[in-house]
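Taken verbatim from Swiss-Prot:
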DOMAIN    9-410  domain 'PTS EIIC type-3'
TRANSMEM  31-51  transmembrane segment
TRANSMEM  65-85  transmembrane segment
TRANSMEM  104-124  transmembrane segment
TRANSMEM  133-153  transmembrane segment
TRANSMEM  178-198  transmembrane segment
TRANSMEM  223-243  transmembrane segment
TRANSMEM  283-303  transmembrane segment
TRANSMEM  340-360  transmembrane segment
TRANSMEM  382-402  transmembrane segment
DOMAIN    467-570  domain 'PTS EIIB type-3'
ACT_SITE  C474  active site, phosphocysteine intermediate
MOD_RES   C474  phosphocysteine
Amino acid sequence: MMQKLIAQIEKGKPFFEKLSRNIYLRAIRDGFISAMPVILFSSIFLLIAYVPNIFGFKWDKGMEAILMKPYNYTMGLVAFLVAGTTAKSLTDSFNRKLESTNQINFISTMLAAMCGFLFLASDPAKDGGFLSAFMGTKGLLTAFLSAFVTVIVYNFCVKRNITIKMPKEVPPNISQVFKDLIPFSAVIIILYALDLVIRNSFKSNVAEGILKLFEPLFTAADGWIGVTIIFGAFALFWFVGIHGPSIVEPAIAAITYANIEANFKLLQAGEHADKIITSGTQMFIVTFGGTGATLVVPFMFMWMTKSKRNKAIGRASVVPTFFGVNEPILFGAPLVLNPVFFIPFVLAPIVNVWIFKLFVEVLGINSFSVNLPWTTPGPLGIIMGTGFGLWSFVLAITLIVVDIIIYYPFLKVYDSEILDEEEGRKESNSDLKEKVAANFDTKKADSILAASGVSDDAAKASNITEQTNVLVLCAGGGTSGLLANALNKAAEEYHVPVKAAAGGYGAHMDIMKEYQLIILAPQVASNYEDIKQDTDRLGIKLAKTQGAEYIKLTRDGQAALDFVQQQFEN
């Protein structure tokens, strides 16, 4: 029964993979990744300014203003900045389809998108200048609009050579200025015209109009059905081999960051912060220890199973999973594509967000009002993100207990199967391992498990003799770090001239030319055809990995070195 259900879900995989590679969704995601230092930096000052309130201490107004200035001057302009970073990412995607001698200037598109955004989101101040009310999270949807219009117009002009052409004698940097003049002017005229139409028709700026238009959707998304569908999709997509965040995160990005600011404003006013859909909810409630709410799973594998293999996988997975990097348990067990774990893998995140919503609406716990790094351990993220209240400790403990209850019966069934294999009563399920390997890049997890003695593969010496720089890419940089670390450790141990670095897909365009090989982790393997256009143009080798394969490579440094060598032999 479960096998048939999974097979039906997998039939939609090609469509959802195509959706995850959509250049506009990717531009939104990568635009936020580029702006993440601003978002995280600003949250530090929120914590300093308002966490002491929990313990009865309040800064005086002057000191509060000093502490809040870094927040207001960074997060308060985040939409303005994201307009530029989103335009840059989208420009990179369009440039892949253009001739290398006729590319769109991403610096120009960034400037045009940011200038255009000001027309759409700012109002004139009485004493000159302009107001910034919609330049923060309230203006994110408008930032996307400005970025998309900008790059589409630039692409139209550059592709058709609608530019001012200068004599060959003119230096390239001067010639580029005139080449950008027509598309830049067209963007500003179009967005200014839109601004005039909206202001005269609805007596508001475009950003305010868009916010009012989508307000019912934001409200509905925060309801029981909304959070169930949105956060259930994360785990469902991941289970069948699709990187769910690539689809879901861009669609809800504006809601999550707007809700964070709304919650903060409510707390400032002494009211209850009740917005559910936030980045903190996603990272510390729904993906509590990684997609599938797997924080408890490695501990359960260690302490609640009888199989030697399961115990070893649990021990190897505990530390990375505690910090939100759960590939070792996802692909090492495996949990993904494993019919036994389908129900708990999808159900646990949904139940977690239901419990959180009950705590917010019934018990009065404040929802998340600050952005924290995704590698913050789940329980600590809950406590810090919700203001260190007593109920936050209770919530963290409750989620741990509930997730154990959800996973326990399925773990016992799976452990029984593995025990039968170990004792020779049942043949090893190589089909499942091969299926995971075919759908996920498991190198990172393999490396971790190998280092812990889980892998049976013998290592072989590497024949790499020339300096080789390797870039490992995953969705956010955490998973890729496992393989990069395994490569660097093995290279040092065996004196092989390999240097590896980890990165997030989308933030790689400006650095990829420094590497001879790029390896895609399973999370981003579906982007292989897109990035291959870039690597072929630059003469860089490209390799993608699958789930079980990636885990194996992260366990075994020598195997990872062999994998690198094989890419240059093929």
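The backbone N, Cα and C atoms fix where each Cβ goes, glycine too.
Quick caveat, the model's predicted, so the values are computed rather than measured.
Outside the transmembrane segment (104-124), and at least 6 residues removed from its termini, the chain residues within Cβ reach (under 8 Å) are 79-81, 83-88, 90-92, 94-95, 98, 130-135, 139, 142-143, 145-147, 149-151, 154-155, 158, 176, 179-180, 183-184, 187-188, 191-192, 194-195, 205-207. Scored on C-beta pairs under 8 angstroms, the neighbour of the transmembrane segment (223-243) with the top count among 31-51, 133-153, 178-198, 340-360, 382-402 is 340-360. The number of other CB atoms found within 10 A of the CB of the residue listed as 'active site, phosphocysteine intermediate', across every protein chain shown, is 30. Here the listed stretches are 31-51, 65-85, 133-153, 178-198, 382-402, and the one with the most C-beta pairs under 8 angstroms to the transmembrane segment (340-360) is 382-402. Within its own chain, the transmembrane segment (31-51) has Cβ neighbours under 8 Å at 59, 64, 67-68, 70-71, 74-75, 78, 81-82, 85-89, 147, 249, 253, 257, 264, 267-268, 369-373, 384, 387-388, 476, 504, 506-507, counting only residues six or more beyond its boundaries. Nonlocal intrachain contacts for the transmembrane segment (178-198), taken as residues 6+ away from its ends with a CB within less than 8 angstroms of a stretch CB, comprise 105, 108, 111-113, 115-116, 119-120, 146, 149-150, 153-154, 156-158, 162-166, 204-206, 209. Only residues 6 or more beyond the boundaries of the transmembrane segment (382-402), in the same chain, are considered here, and those with a CB under 8 A from a CB of the stretch are 47, 50-51, 54-55, 267, 280, 284-285, 288, 293, 295-296, 348, 351-352, 355-356, 359, 363-370, 372, 376. The list of residues near the transmembrane segment (133-153) in space but at least 6 beyond its ends in sequence, with Cβ under 8 angstroms from a Cβ of it, reads 24, 27-28, 31, 75-80, 82-84, 86-87, 90-91, 94, 104, 109, 112-114, 116-117, 120-123, 183, 186-187, 190-191, 205-208, 210-211, 214, 253-254, 257-258, 260-261. DSSP states for the domain 'PTS EIIB type-3' (467-570), grouped as helix (H, G, I), strand (E, B) and coil, give 58 helix, 22 strand, 24 coil. Computed over the domain 'PTS EIIC type-3' (9-410), the whole-number mean pLDDT of the model equals 89.
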